[in-house]
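Note sheet for the following structure.
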Amino acid sequence: MAMAATSSTQTNLFLKAPFNPQQNCQQTHFLPLNFKIRNPISRITCSATPTATAVSTTTKIDQRSEERVFNFAAGPAVLPENVLQKAQSELLNWRGSGMSVMEMSHRGKEFTSIIDKAEADLRTLLNIPSDYTVLFLQGGASTQFSAIPLNLCTPDSAVDYIVTGSWGDKAAKEAAKYAAVSSIWSGKSDNYVRIPNFDGSEFVQNSQARYLHICANETIYGVEFKKYPVPANPDGFLVADMSSNFCSKPVDVTKFGLIYAGAQKNVGPSGVTIVIVRNDLIGNAQKMTPVMLDYKIHADNKSLYNTPPCYGIYMCGLVFEDLLNQGGLVEVEKKNKAKAQVLYDAIDESNGFYKCPVEKSVRSLMNVPFTLEKSELEGDFIKEAAKEKMVALKGHRSVGGMRASIYNAMPLAGVEKLVAFMKEFQAKHA
C-alpha cells in the first residue's frame, strides 16, 4: 500500500529494515510518532460489486487507452480492452468475495460459479449440444496432438490428416506415435498457400479411417478452411484444431467429433486449452494414456481433476460474455470480415509493393501474412510501424516477411491505422 504522507522513499516504514533498539532512530529513518496515514487500510474500497455485472462493450477512452499499442501478435494476442478493465476492477476483490480469482480454491463455490458460467456462455456462443462435453484443460493445443489419438483410437487405427501448414504437420507427426497416420494431402510443396479440393481429385481418404484431422486456420501461413471436408468413413468423424479462429465465426459443432483450441489467440490468455468432444468418444483411452491426457478423467471431474488454470478460465469467461454482448458470433464474423477486407484490399491494390501469397479463396480472416517487393525494406517497415505503436508485425521465423494477426479483439481502427501506414511507407519507398 502506498502512503502519501511524504515524497521520501522512506514511507515504506518497517519494510526497509526491522526495528533495532540499539540503533539510532535518526539513522533508521522512522517517521515521527504523530505521523498519520492519510489513507488507512480500513478505507480501501474495490470497484467490484458483489453481484455479477456484464462486461461493457464500450471501451473507455482514457490515458491508459492512449498509451496502449495496436498489438498484431499471433499469440498470446490482443484482448478486448473492456475485458481487461473489467478484470482490473475485480482483481483484488472478486464481486464481494474479499479475494482475487487468483487466490480462490478451485473447489470453492466462487470458482465453481466462474467455470460454470464460462461453459454456459461458450455453449450459447457455439450452440453446443448437450451430447458434447466442454473441457477446460492445460498444456496447449500441442498436448492435444497426443491426447487425441490416445483417446480416440487404438495403436492400429487408421487416421487421416490433411496438412495445410506447420501445425497440421506437427499434429500428424505426433499422432503417428499412437495410431496409423496417413497424411493424405500436404501443401508443403506449394509452401502452404492453399487448401485442397474436397471432391476427391486431390486426395483420397481411407474409408476405414477412425477420424479425419484438419487445422481449421494455419496461423503461420494464413490459410483458413471456409468449408469442411466430410470423412469418407460413415462411422468416422472430423477433428479440428481451431486454436487461431476459435469463436471468430459461427461453427456447426455437430459436424465434428472433437474441436480443440488454445485460448491465447482469440478468447483468453495463454494457459487454457478448450476441448469440445462428443460424449460417445469419451472413455476409450488407450491403456498407456497418462491420467492428465484422459478425457474421461477430466469429464468425470468437470475439468477439476487437478488445479485448473483458474485465472485463465475466468478471463475466457469474460471474453465469452463480451462476445455475447456484441451480438454473438454472427456479428463477430461480420466485423472480422470487414477488418480483413480492408487489409487485403490494401495489399492487392499496392501494385505489387505488398504481396500476400495465399490463394484468395482461403485467405485467413485472422492471420494476414505479406511480404514487400523490396525485401530489404522489411526491417525498416517493422521498426517504423513500432514507432507508430503498431507492434509484433514480424512474420514467423520459418516464413519471414510480415504478419498481421487481426483477431476478434483487434479493433477496425487498428487495421485502418496499419493500412494508412502501409500506404505512407509505400509512397516513401516506391
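A Cβ is built for glycine as well, from the same backbone N, Cα and C atoms used for every other residue.
Swiss-Prot annotations:
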BINDING   Arg107  L-glutamate binding site
BINDING   Ala141, Ser142, Trp167, Thr219, Asp241, Gln264, Asn306, Thr307  pyridoxal 5'-phosphate binding site
MOD_RES   Lys265  N6-(pyridoxal phosphate)lysine
TRANSIT   1-51  transit peptide
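Sequence features, as recorded in Swiss-Prot, placed on the structure.
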residue : record                              : contacts (Cβ under 8 Å, 6+ apart)
Arg107  : L-glutamate binding site            : Leu304
Ala141  : pyridoxal 5'-phosphate binding site : Trp167, Asp241, Ser243, Tyr260, Ala261, Gly262, Thr273
Ser142  : pyridoxal 5'-phosphate binding site : Lys170, Glu174
Thr219  : pyridoxal 5'-phosphate binding site : Ala74, Gly75, Gly165, Trp167, Ser243, Ser244, Lys265, Met366, Asn367, His396, Ser405
Gln264  : pyridoxal 5'-phosphate binding site : Gly75, Pro76, Ala77, Ser270, Gly271, Val272
Asn306  : pyridoxal 5'-phosphate binding site : Met292
Thr307  : pyridoxal 5'-phosphate binding site : His106
Express in Å, rounded to the nearest integer, the largest CA to CA distance found among the pyridoxal 5'-phosphate-binding residues Ala141, Ser142, Trp167, Thr219, Asp241, Gln264, Asn306, Thr307 named in the record.
30
Which of the listed recorded positions (Trp167, Asp241, Lys265) has the least company, meaning the fewest other Cβ atoms within 10 Å of its Cβ?
Trp167
Quick one: what's DSSP say for Thr307 (pyridoxal 5'-phosphate binding site), helix, strand or coil?
coil
